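Copied over from TrEMBL, here are the features:
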BINDING   Ser52, Tyr121  Fe-coproporphyrin III binding site
BINDING   His184, Glu284  Fe(2+) binding site
Amino acid sequence: MTYDAILLTSFGGPEGPDEVMPFLERVTAGRGVPRERLEEVSHHYLALGGVSPINEQNRALLAAMKERFPERGIDIPIYWGNRNSAPFFADVVKEMYDNGHRRVLAWVTSAYSSYSGCRQYRENLYQALTDNDLVGKMVIDKVRHYFDHPGFLQPVIGDLEDKLQAMVKNGLDFSEIDVMFATHSIPDAMGETSGPPALRETFEKPGGAYAAQHLAAAEIVMDKVHSDLGISPVSWQLVYQSRSGSPQVPWLEPDVNDAIRDIHASGKKGVIVVPIGFVSDHVEVIWDLDNEAQETALELGMDFARVTTPGSSLAFTDGIADLILERINEATPQALSPLGPWPSQCAVGCCPNLRRELKVIAEASAE
């Protein structure tokens with residue numbers, strides 16, 4: 001398939017104190033999130049100077065992509081756009097069209113299936129085309145989910161091995177450590193409807209494809225760690241963080257802090273948190289894990305470590321290039337779990353919008 005531009009597609013974040021509340025209001029619009037919860041989260045950003053690290057992380061990744069992709073044979077322009085902050089999708093779509101681009105391939109900084117992590121981006125990009133009167137004049141396709149791609153997981157594996165060995169060197173036994181794979185919690189209903197309709201009943205509820213993909217990624221990581229280090233299996237689990245919805249709506253659990261208290265009660269002395277749901281160290285990683293989760297562990301007298309995210313590492317940048325080349329050159333997809341490789345196009349009804357139906361880009365034929 002021929003494309004003439006690549007779009008690094010991301011969430012966005014504030015770049016100053018005055019942008020914090022408008023940003024949070026855009027993120028939560030129409031979702032019934034209590035005002036007091038927005039105020040609480042705003043303090044997380046303000047504690048960091050009102051600046052989310054995600055934009056700087058994306059600038060670094062964009063620079064890495066621009067440097068590495070030509071070496072991989074990808075010689076087309078790369079743009080960057082956000083859902084919730086500048087550069088907004090509508091502005092970037094107009095810029096790409098004005099620069100002569102007509103077939104764009106979007107890569108999203110979300111590796112997993114869910115409404116907020118996939119379909120909402122496809123809705124946003126269709127709306128950006130609509131806002132610029134470009135429906136039918138510009139095509140935007142989307143790269144598949146990459147939760148089990150080696151380029152995404154290799155940086156995690158290497159740093160987890162380092163963190164485990166450091167904790168043991170500090171006096172703990174591997175059997176006294178629990179590894180927690182952390183990801184953003186989502187409403188149970190969103191989890192249950194994640195993934196293609198044809199596969200939905202094959203996944204356990206309420207996590208659905210969203211939880212299944214995370215568990216598959218975590219299992220790949222732990223199998224490789226056990227093999228590389230030649231150790232007996234270290235205990236691990238999937239945990240959730242950063243819930244933000246109405247208290248009356250059930251979200252995926254357990255919360256990372258509750259899980260830390262539980263393993264402490266069972267006799268564990270150390271915890272290593274792996275932010276497997278995130279590609280970069282943004283606010284929800286830095287605040288919710290490096291501050292809140294670490295504080296919970298230290299108050300209990302436990303050792304704590306947090307594994308780094310893939311960020312702009314060479315392995316991850318190469319992994320993104322692999323995913324792009326799958327679409328451009330029809331290269332063989334790489335996947336390390338039985339769930340993958342995930343389809344290159346989302347099925348009709350995949351990860352539905354449970355509030356209202358909106359048009360999307362990059363959807364497979366209903367036939």
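For all residues, glycine too, the Cβ spot is worked out from N, Cα and C.
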Other C-beta atoms that fall within 10 angstroms of the C-beta of Tyr121 (Fe-coproporphyrin III binding site): 25
DSSP-derived class (H/G/I helix, E/B strand, else coil) of Tyr121 (Fe-coproporphyrin III binding site): helix
Rounded distance in angstrom between the Cα atoms of Ser52 (Fe-coproporphyrin III binding site) and His184 (Fe(2+) binding site): 17
Cβ contacts of His184 (Fe(2+) binding site) (under 8 Å, same chain, 6 or more positions away): Tyr240, Gln241, Ser242, Gly277, Phe278, Glu284
Local backbone state of Glu284 (Fe(2+) binding site), from DSSP in three classes: helix
Where Ser52 (Fe-coproporphyrin III binding site) falls in three-state DSSP terms: coil
Residue, out of the binding-site residues Ser52, Glu284, whose Cβ gathers the largest set of other Cβ atoms within 10 Å: Ser52
Local backbone state of His184 (Fe(2+) binding site), from DSSP in three classes: strand
